[in-house]
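Note sheet for the following structure.
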Amino acid sequence: MNSVTAPLIADLFLLAILAIGRKEVHDGTIGEGGIFPLDIMIFFITLAYIAISIDASGLIRYLALKVLQWGGEVGHRLFFYLYAFFFGLGVFIGNDPIILSGTAFLSYMTRVSNNIAHPRAWIFTQFAIANIASAILVSSNPTNLVLAGAFNIKFIEYTANMVVPVVITAIVLFPFLLYIIFANEGLIPVSIQMRELPAEAKSKPVNPNIPNARGSAAEEENNPGNEEEGKLLSLVEIMNPFLDKGGAAFGAVIMSATLITVLALNAASVKPKDNEHLQVFWVTLPAAFVMLCWDLTFGWLNREETRQIARKGREDLERARLERGVGVQVRDSYPLARAARGSIERGTEMSSLTRDYPDGSRKERPIHDDDDVYDVRADLKCSDYDSPPETFPTVMAVISHLPFALVPFAFAMFVLVQALVTKGWVPVFAHGWDHWVEKTGTIGAIGGMGFLSVILCNFAGTNIGTTILLSRVIQTWQAIHQQNGIPISDRTFWATVYSMALGVNYGAFSTAFSASLAGLLWRDILERKHIHIRRLEFARVNVPIIAIAMTVGCTVLVGEIYIIRKETPYHM
């Protein structure tokens, strides 16, 4: 059981005991009360395809290299450049592509530096700023989509209200990170000593989306017994990146056109003929299909080249594994004497080994006997045919990185929250919130909702589950006041909503990896790069960051709300 399957199992259990029924399942999938889960999931997955396709083109790593070159060896300047780069990029394409490519880039960069003792400052800063940036545009995070739908907020209005608190948060947070939280020469050196890339290593970069494109280099890079070779290969990864210029340019155009169209239609309040809500995936789905057709077309046109690269990579990997297999076998319990060795090119078998047995007899046996050596070719049977990842490397790479796990998780969480609504728990929470606001006013609404949303991200099924739950609570709070005939002030209502928007975005970098699906992805990427972050360390480092970010964001929001909102009654 994990954070994705747990809500699904809970739903099945509640269905089995008849605690929930058709209404909860329908409203939790098709939608009700301004929240349309199916629309949100299609919109997010299709937009994610475009964003991850841009990432697969190598654009993010290429731009990160340019930032690295601009920053030079001055550590503080490079830290600022990367900070600004990840923030700017995260605003437009969301946090997932930043985490996919940015985390790997930083792990390589810190590994090949001679005087960065630990990558902590760089990777935690990148994770925080990517999630902060994703709070500005509705399209950057599924939590924003849920929130905008629940309260009928136009996308441009959401951005207009969020951009000032978020940008000021990013500006104020930077000096705290540099001079207080990570004020250590071993974390952010004044002068970074980077290794030089040897001239012989400056070969034509290969597309990392092609299976086995790097041959045995990927295994050598992660081999703890070959540290120097691993550092050289890591250096090649960041200093000699692959870039598909055509794919990157086309993807950027498609993404820009899609976002502009969505914002324009939403701002114009375009309605279908039946006067229902505008399903924004009507824009993103065709755009994603166009991007998919581009990737498929160029994959097919370049299939011979990509298949050849994959084939050569398999042969290189086979030779390396075969040599390691021989090395392991030589250390077997029976002493081995090498009789002869043939070529170990692909398809050529090594001749034989002589083995001394305890009874004194000697026998020659082929080195590829099933009992002696692991048959590498059996593990690489895919070399006998051209698999889809070799023909369409970009498409298959993008599909493998799409957040499909989000779909069953989100639907299950929507159903669970809908069960809380129908069974009367959400009204209880709403009455509690109403009492808090009556006692503390607008300032208390901002501080209370900000604190509550951050805390719940760690316990209520990630920031997505928190957004779903708190949106229903605020909707019910609003309904309570309508029934009582006592209106909520416009200032207090929007203070609550936008404080929640800050909390559910910033809450991703709080005390638990499971506060967001992006946090789980970030941890998995780091572990593959042999950077292990413990849960306690994650919380210890993030607590001061989230405390500063929420304090600054909520303080700015207070000023903004008091300037642009009035005490007049709120009307839907």
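Glycine too: its Cβ is placed from the backbone N, Cα and C atoms.
The annotation domain 'Citrate transporter-like' is assigned in TrEMBL to 36-282. When averaged over the domain 'Citrate transporter-like' (36-282), pLDDT in the model lands at 85.
According to TrEMBL, the region 'Disordered' annotation covers 203-227.
TrEMBL lists 6-22 (among others) with the feature transmembrane segment.
Within its own chain, the transmembrane segment (34-60) is flanked in space by residues 28, 89, 93-94, 96-98, 100-102, 105, 139, 142, 145-146, 149-152, 207-209, 241-244, 247-248, 251-252, 254-255, 258, 277, 279-281, 284-285, 287-288, 291-292, 295, 394, 397-398, 401-404, 406-407, 410-411, 414, 468, 471, 475, which lie at least six positions past its ends and keep a Cβ under 8 Å from the stretch. Marked as transmembrane segment by TrEMBL: 34-60 (among others).
Here TrEMBL flags 80-109 (among others) as transmembrane segment. Sequence-remote contacts of a segment are chain residues at least 6 beyond its ends whose Cβ falls under 8 Å from one of its Cβ atoms, and for the transmembrane segment (80-109) they are 47-48, 51-52, 54-55, 60-61, 63-64, 67-68, 70-71, 119, 122-123, 125-127, 129-134, 136-137, 139-141, 170, 174, 177-178, 234-235, 237-238, 255, 259, 401, 403, 508, 518, 521-522, 525-526, 529, 531.
Sequence-remote contacts of a segment are chain residues at least 6 beyond its ends whose Cβ falls under 8 Å from one of its Cβ atoms, and for the transmembrane segment (121-138) they are 79, 82-83, 86-92, 94-95, 98-99, 102-103, 106-107, 109-110, 144-145, 148, 153, 155, 158-159, 162-163, 166-167, 169-170, 173, 177, 181-182, 184, 187-188, 259, 501-502, 505-506, 508-509, 516, 518-519, 522, 526, 531, 533, 541-542, 545-546, 549. The transmembrane segment annotation in TrEMBL covers 121-138 (among others).
Long-range Cβ contacts of the transmembrane segment (158-182) within its own chain (Cβ-Cβ under 8 Å, at least 6 residues beyond either end) map to 76, 79-80, 83, 87, 120-121, 124-125, 128-129, 132-133, 135-138, 144, 147-148, 188, 494, 498, 501-502, 506, 541, 544-545, 548-549, 552-554, 556-557, 560. Positions annotated as transmembrane segment by TrEMBL: 158-182 (among others).
For the transmembrane segment (248-268), the list of distant contacts is 47, 50-51, 53-54, 57-59, 62, 92-93, 137, 139, 154-156, 278, 280, 283-284, 287, 290-291, 294: same-chain residues at least six beyond its ends, Cβ to Cβ under 8 Å. Per TrEMBL, the feature transmembrane segment maps to 248-268 (among others).
Listed as Cβ neighbours of the transmembrane segment (280-301) (distance under 8 Å, sequence separation of 6 or more from its ends, same chain) are residues 39, 42-43, 46-47, 49-50, 53, 246-247, 250-251, 254, 257-258, 261-262, 265-266, 391-395, 398. Annotation comment: TrEMBL describes 280-301 (among others) as transmembrane segment.
Look at TrEMBL and you will find 402-421 (among others) tagged as transmembrane segment.
According to TrEMBL, the transmembrane segment annotation covers 497-522 (among others). Remote same-chain partners of the transmembrane segment (497-522), defined as residues 6 or more beyond its termini with a Cβ less than 8 Å from a stretch Cβ, comprise 3, 95-96, 99-100, 103, 123-124, 127-128, 130-132, 134-135, 141, 143-144, 147, 151, 153, 158, 161-162, 165-166, 169, 403, 405-406, 409, 445-447, 449-458, 462-464, 466-467, 470-471, 474, 535, 538-539, 542-543, 545-546, 549-550, 553-554, 557, 561.
Beyond its flanks by at least six residues, the transmembrane segment (543-564) meets 124, 128, 132, 161, 164-166, 168-169, 172-173, 176-177, 180-181, 442-443, 446-447, 450-451, 454, 491, 494-495, 498-499, 502-503, 506-507, 509-511 of its own chain at Cβ-Cβ distances under 8 Å. Annotated transmembrane segment per TrEMBL: 543-564 (among others), in sequence order.
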(message) Six or more residues beyond either end and a Cβ under 8 Å away: which residues meet both conditions relative to the transmembrane segment (402-421)?
(response) 3-4, 7-8, 10-11, 14, 19-20, 23-25, 27-29, 32, 35, 37, 40-41, 44-45, 48-49, 52, 96, 142, 461-462, 464-465, 468-469, 472, 476, 517
